[in-house]
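J.: Here you go, one structure.
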Amino acid sequence: LGCLAIVTVLGDIWSLLYACIAVSVAVCVFGFFALPLVIAKANLYTFLSMASYIQLPGALDSFYMARPDCLPDGPHFSFFFYNTVASIIGNIGGIVGILLFRYVFSKKSYRITFVFTTLVMVVASIFDLIIVERWNRPRVSDHVVYVLGDQVVYQVCYMLHFMPGIILLSRLCPRGTESMVYALLAGFANFGQAVSNTVGSLLMEFKWPVETDPAVGCDFSNVKWLLIVGHLLCPLVCIPLVFLLIPAARICDNIDVDGRVVRPQEPPGDCKVEGSRESLSAQEPVLK
């Protein structure tokens, strides 16, 4: 991130692109040398899932809060609604996502959960496209569509998508290194978001520019293409990667550092003490 920050300040847009590619490849490859294979794969999937959901810095924000002199038929969200009310509803959606994960998805497989949440996150992005194309008007309010899509469905699925990654690494990391492994997961996720922002900026700079200055004439006609490519198509790349990078195990399973499911081995005779450490000490791998 520090390298990208320096290039952003001192370099041009092409230097930022080259630095982004070089750092991404270096970090992902180094992870396979420094970490156990299953942890490196999980971190790589986290990075790719964040990077593939292309962020569009300024495009959607400007569209939603554009004034009538810039976008006469726009949503015209107030700053208070967009940054306060919607954020509160989004936090509630995140809590709902945690509850759904606890009571619905905690016994599902990692792969099913990741595929399902990726697909629903793509569906949630259709709500943005509906508002941008004005398909909801005049029957449904822009506020209702935005809250349902970005702050309810998306936030619920984002939490459902993030929680399994944390659980997976918590079961894989060696004893005594939990904090370090979680920090690596968070670092890969944040780096993926930084790459996503960089790619989004490049798309807006060269491919589908968005003009937000009323003095020269606002033009949001390219926002729909940014949404289709960045929010609807690119995230689908992660679906086949789930079956390559994520172990074939349920979220409730114990797994070893090789990604194999393990189960407690029953002690013979009088050695079994329910709830004791001895009854849980012996474990054998079970391939699924």
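Cβ atoms are placed via backbone N, Cα and C, with glycine included.
Pasting the relevant annotations from TrEMBL:
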- 266-277: compositional bias 'Basic and acidic residues' (COMPBIAS)
- 266-288: region 'Disordered' (REGION)
- 16-35: transmembrane segment (TRANSMEM)
- 42-60: transmembrane segment (TRANSMEM)
- 80-105: transmembrane segment (TRANSMEM)
- 112-132: transmembrane segment (TRANSMEM)
- 152-169: transmembrane segment (TRANSMEM)
- 181-203: transmembrane segment (TRANSMEM)
- 223-246: transmembrane segment (TRANSMEM)
J.: For the transmembrane segment (181-203), find every same-chain residue at least 6 residues outside the stretch whose CB is under 8 Å from a CB in it, and list them.
T.: 1, 4, 13, 16-17, 20, 23-24, 27, 31, 35, 39, 42-44, 46-57, 59, 162, 165-166, 169-170, 172-173, 226, 229-230
J.: Let me spell it out: take the transmembrane segment (223-246), skip the flanking residues so only those 6+ beyond its ends count, and list any with a Cβ under 8 Å from a Cβ in it.
T.: 41-42, 44-45, 48-49, 52-56, 59-60, 63, 110-111, 114-115, 118-119, 121-122, 125-126, 128-129, 132-133, 168, 199-200, 203-204, 207-208, 210
J.: Hey, would you say the transmembrane segment (152-169) packs against the transmembrane segment (80-105), going by three or more CB pairs under 8 A that are 6+ residues apart?
T.: yes
J.: Counting only residues 6 or more past its boundaries, what in the same chain has a CB within less than 8 Å of a CB in the transmembrane segment (80-105)?
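T.: Residues 61, 64-65, 113, 143, 146-147, 150-160, 163-164, 251 contact the transmembrane segment (80-105) from elsewhere in the chain.
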